[in-house]
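According to Swiss-Prot, the protein has these features:
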{"type": "SIGNAL", "residues": "1-19", "note": "signal peptide"}
{"type": "DISULFID", "residues": "Cys35-Cys95", "note": "disulfide bond"}
{"type": "DISULFID", "residues": "Cys42-Cys89", "note": "disulfide bond"}
{"type": "DISULFID", "residues": "Cys43-Cys76", "note": "disulfide bond"}
{"type": "CARBOHYD", "residues": "Asn44", "note": "N-linked glycosylation site"}
{"type": "DISULFID", "residues": "Cys96-Cys109", "note": "disulfide bond"}
{"type": "CARBOHYD", "residues": "Asn100", "note": "N-linked glycosylation site"}
Amino acid sequence: MLFKQAILVATTLTTLAVATPVVDVRRRTDPASSCSTGTLNCCNSSGTVEDKTIAGLLGILNIVVSDITALVGITCTPITVVGAGGTSCTSQTLCCDNNNFSGLITLGCIPININL
């Protein structure tokens, strides 16, 4: 019986380890007026992983980040066409490398200075 429990625990931990995303995003060096390597996003807020709120959210979502110095965008929506009618961003415009978390968290971001 103890052997079965040990196998169950080992299998569960292995599954969790494989399913937990590990993100390696380094500092972005794109100019602040272009977004050639990522996606343009309108984010409600942004900050670094040292920010307690962002660190807590990353922890709750089991998102492991390593050596990230770029900004993290929170609650972002993609901006598809710059200057098109109806497109506006009243919050923060960011260019982000990694949006694998349905817009809730975007990683590897830099601020973009454009008027939408």
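Any Cβ shown, glycine's included, is placed from N, Cα and C.
Remember, it's a predicted structure, so these values are computed and weren't measured experimentally.
Recorded features from Swiss-Prot, shown on the structure.
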residue : record                      : contacts (Cβ under 8 Å, 6+ apart)
Cys35   : disulfide bond              : Cys95, Ile112
Cys43   : disulfide bond              : Gly73, Ile74, Thr75, Cys76, Ser91, Gln92, Thr93, Leu94, Thr106, Cys109
Asn44   : N-linked glycosylation site : Ile74, Thr75, Cys76, Ser91, Gln92
Cys96   : disulfide bond              : Gly38, Thr39, Asn41, Gly73, Cys76, Thr106, Leu107, Gly108, Cys109
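Least packed by the Cβ count within 10 Å, out of the disulfide-bonded residues Cys42, Cys76, is Cys42.
Within 10 Å of the Cβ of Cys95 (disulfide bond) there are 28 other Cβ atoms, across all protein chains.
Mapped onto three states, the DSSP output places Cys43 (disulfide bond) in strand.
Its own atom aside, the Cβ of Cys89 (disulfide bond) has 19 Cβ atoms within 10 angstroms in the protein chains shown.
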